[in-house]
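Trainee: To start, I am sharing the structure in question, which I have written as structure tokens.
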Amino acid sequence: MILPKSQWLNIQAIAFDLDGTLIDSVPDLAAATNATLAECSLPKVSEDLVRSWVGNGAQILMQRALSYSYSTAEDSPELQARLEQTMPRFMHHYAEHLQQHSRLYTGVLEVLQQLKQAGYKLAVVTNKPYRFTIPLLQAFGLDGLFTQVLGGDSLAKMKPDPLPLQHLMDQWNINSSQLLMVGDSKNDILAAKAANVMSIGLTYGYNYGEDIGLSEPDAVCEHFSQLRQYLLSQ
Ligand SMILES: O=C(O)COP(=O)(O)O
Ligand SMILES: [Mg+2]
């Protein structure tokens with residue numbers, strides 16, 4: 001559904017999700033997961049499985065991986081104890097190889113530059129820990145484009161909670177009709193709806209293998225460059 005143009009014209013600022021939206025980071029997340037599992041003498045898991053576990057930050061990714069590998073419930077005390085032990089190892093492995101196999105999705109750099117040039121304020125709102133977010137943005141030459149960067153641990157709550165988007169509106173002194181959230185996961189769309197801001201869902205990301213359209217964003221795009229049709233005069 002394309003909303004009447006007037007609603008898009010209000011937009012002054014855009015919050016972008018990171019993993020599965022700007023950067024395909026699963027290959028390195030999978031490598032760090034497998035390096036951690038190997039230290040626990042557990043077998044490797046596939047990249048497809050890891051892709052289905054990404055979306056709620058590093059800790060939940062590892063919780064899902066350990067739950068799968070040990071065939072133990074995610075909330076069992078035994079698994080929580082193992083998670084506490086292994087989490088520092090995952091953080092170590094991922095920090096070592098943040099961008100070895102990760103890549104920018106097609107069109108991301110060019111379109112972000114065009115949006116910035118057109119006057120939009122740009123932010124990253126990710127559930128990835130902040131300490132990984134900045135080096136990744138730097139590695140891909142994106143860091144200068146954003147005036148706000150929020151990681152999953154920057155505030156008391158992460159997406160799908162609206163807090164990161166509310167924080168941006170406060171920081172930028174804008175209202176909810178002026179902010180747009182762009183992301184690949186239902187967490188992005190749920191956060192946007194909870195903050196009463198518009199959202200665009202991207203189909204090429206992760207979203208636990210589910211159709212992003214089911215979350216009913218205001219628009220769905222198959223490619224990052226399709227954002228132009230809503231946000232830039234042709
Ligand atoms: O690291 C994750 O689990 C998800 O990160 P994202 O919010 O940038 O998609
Ligand atoms: Mg994402």
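The backbone N, Cα and C atoms fix where each Cβ goes, and this holds for glycine too.
Just so you know, TrEMBL annotations are computer predictions that nobody has curated.
Predicted, not measured: the structure shown is a model, and the values here were computed from it.
According to TrEMBL, the protein has these features:
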| type | residues | note |
| --- | --- | --- |
| ACT_SITE | Asp17 | active site, nucleophile |
| BINDING | Asp17, Asp19, Asp184 | Mg(2+) binding site |
Trainee: Restricting to the same chain and to sequence separations of six or more, state which residues have a Cβ under 8 Å from that of Asp184 (Mg(2+) binding site).
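Mentor: Listed in sequence order, they are Asp17, Asp19, Gly20, Thr21, Gly201, Leu202, Thr203, Tyr204, Gly205, Tyr206, Asn207, Ile212.
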Trainee: Neighbourhood of the Mg(2+) site (Asp17, Asp19, Asp184): other residues with Cβ within 8 Å of the Cβ centroid, in order?
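Mentor: My list of surrounding residues reads Leu18, Gly20, Thr21, Leu22, Gly55, Thr126, Gly183, Ser185, Asp188, Leu202, Gly205, Tyr206.
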Trainee: 10 Å Cβ neighbour count around the residue listed as 'active site, nucleophile'?
Mentor: 28
Trainee: Tell me, how many other CB atoms lie within 10 A of the CB of Asp19 (Mg(2+) binding site), whichever protein chain they belong to?
Mentor: 27
